[in-house]
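Here's the structure we're looking at; comments come further down.
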Amino acid sequence: MAHTFDLSAPWWTFVVRGVITYLGLLVLMRLAGKRSFGEMSAFDVVIIALAGGTLRTAIIGEDQGLLGPFIGVGSILATDKALAWLCTRYPRFNRLVEGFPTLLIRQGKRDAEALRSQSLPDAALDRALHGAGLEADDEVQTARLEPNGKITVVRRSSPLGPPAC
């Protein structure tokens, strides 16, 4: 209990480590692609758990005190707040951080190359269509993979026919 508030290193090292870890993880997540965010599978949960344990060591090292983790988490939250502020004020910076949506279906035509480039299986797109109440690609105006990994589906408007009586 006597060493509860002691730090194993200067406080600022926890801040620097937290900021670097946050930015490094952000880069890795962007490289992993949008699909990583859309649907959580059992594999994703395992990766998150392992990454959390590994990154804890990167941020606070061997520190066993109470303050180190709070300083590390505080620096991560401050970095996140600063990035959010920059993203709201600078659209180009926001695009750099978040990325762009990817068009998967246009006018009822599925883009196999877009699916392949995003490592998105056909089954995942089919689930999104079914979730939107659609059965076939020809019912879709557009379907796109958003930067957050979700698939947005816009239903095709039905062709104009004779007016109903």
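Yeah, the Cβs are placed from backbone N, Cα and C, and that goes for glycine too.
Look at TrEMBL and you will find 90-158 tagged as domain 'YetF C-terminal'.
Packing against the transmembrane segment (12-29) from elsewhere in the chain are residues 36-37, 51, 55, 58-61, 63, 68, 71-76, 79-80, 83, 97: each is 6 or more residues past its ends and has a CB under 8 Å from a CB in it. Summarising the annotation, TrEMBL assigns transmembrane segment to 12-29 (among others).
Within its own chain, the transmembrane segment (41-60) is flanked in space by residues 14, 17-18, 21, 25, 68-69, 72, 76, which lie at least six positions past its ends and keep a Cβ under 8 Å from the stretch. Per TrEMBL, transmembrane segment is recorded for 41-60 (among others).
The transmembrane segment annotation in TrEMBL covers 66-86 (among others).
Per-residue confidence over the domain 'YetF C-terminal' (90-158) averages out at a pLDDT of 93.
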